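Chemist: Dumping the structure here so I can ask a few things about it.
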Amino acid sequence: GESGSVVVQTAPGQVVSHRGGTIVLPCRYHYEAATHGHDGVRLKWTKVVDPLAFADVFVALGPQHRAFGSYRGRAELQGDGPGDASLVLRNVTLQDYGRYECEVTNELEDDTGMVKLDLEGVVFPYHPRGGRYKLTFAEAQRACAEQDGILASAEQLHAAWRDGLDWCNAGWLRDGSVQYPVSQPREPCGGLGGAGSAGAGGGASGGVRNYGYRHNAEERYDAFCFTSKLPGRVFFLKPLRPVPFSGAARACAARGAAVAKVGQLFAAWKLQLLDRCTAGWLADGSARYPIVNPRARCGGRRPGVRSLGFPDASRRLFGVYCYRAPGAPDPAPGGWGWGWAGGGGWAGGARDPAAWTPLRV
């Protein structure tokens, strides 16, 4: 009416994008502008980082616009006529996942609306070489970041459980809680009756077991990480002979790539349908392989990324999974291998793999 009250409308549910994508966070507003024009309206976008904490994303007042922090150069108003406060977000990152608040203020009133940005991706459990239940909350955050991911949210873990994730080890989530998904109930994993599950099923169908919010500086668990679409490509590299871990980086570098991280392998398996029944080194020193089409000789009847743990790094047991960034050339196309100029040196591992160079074979 004529009171000057502002009404903000945002999209119900959530909007979905992926890493590297462009998304519009929809927000429209209306008020009687007979006295005050739209030029006097202040538009502000913030991200909810905690239940009572917000981070500035974007502010606009008339012709003055400003983006903050990591949103600089990526965020702008859609500007689709009067009353449109929608925010265009480009080159979406993993850290962009979450809830955003659109606030519209005129000289008399204000109103807000909420938009949830979700990402297509995959949740993966993680623990370092030191063993299970070794990570504080901060260490779990760092571990996920080092493996091309972020700590998963409770919603993402629940969605992964619905998709069949079954993991009988508790891990940190983004909100500081500790949970784990059980698709096939069994005694060692919370029992057969669903005891300990909260809000995500239970009983004979399993559920997401929830330990609640734990002391994040003292208690130690694994981590549940989340990653999204890869900007590049993961591929398996089989040198002339299996390599120890010390030779993995050299082998990938000769192909214009780096040793793949755990999150990159999971993303390639889930989103690029990488299927390879051969174990290879990854950047954290683990050995894994991705299976899209299960078969008996490749680790069981369910798809997934199989893990051989953290083998002795000096043993020459594996090839290596490499990650090549977009646009990076392959300096060693088919017909290349790895060895030492002048030949020889293979028997008994007499030469240092760190000294390998690409050789045409």
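Glycine is treated like the rest: Cβ placed from N, Cα and C.
Below are the features I grabbed from TrEMBL:
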DISULFID  Cys168-Cys189  disulfide bond
DISULFID  Cys277-Cys298  disulfide bond
DOMAIN    5-120  domain 'Ig-like'
DOMAIN    122-227  domain 'Link'
DOMAIN    232-324  domain 'Link'
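Map the listed features onto the structure and describe their local environment.
Modeler: Every protein chain considered, the tally of other Cβ atoms within 10 Å of the Cβ of Cys168 (disulfide bond) stands at 14.
Counting only residues at least six positions away in the same chain, the Cβ atoms of Cys277, Tyr289, Ile291, Arg306 sit under 8 Å from the Cβ of Cys298 (disulfide bond).
Break the domain 'Ig-like' (5-120) down by DSSP state and the numbers are 9 helix, 62 strand, 45 coil.
Broken down with DSSP, the domain 'Link' (122-227) shows 25 helix, 33 strand, 48 coil.
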Chemist: Give me the non-local Cβ neighbours of Cys189 (disulfide bond): same chain, 6+ apart in sequence, Cβ-Cβ under 8 Å, ordered along the sequence.
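Modeler: Listed in sequence order, they are Cys168, Tyr180, Val182, Arg209.
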Chemist: Please compute the mean pLDDT of the model over the domain 'Ig-like' (5-120).
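Modeler: Mean pLDDT across the domain 'Ig-like' (5-120) comes out at 90.
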Chemist: Across all the protein chains here, work out how many other Cβ atoms are within 10 Å of the Cβ of Cys277 (disulfide bond).
Modeler: 14
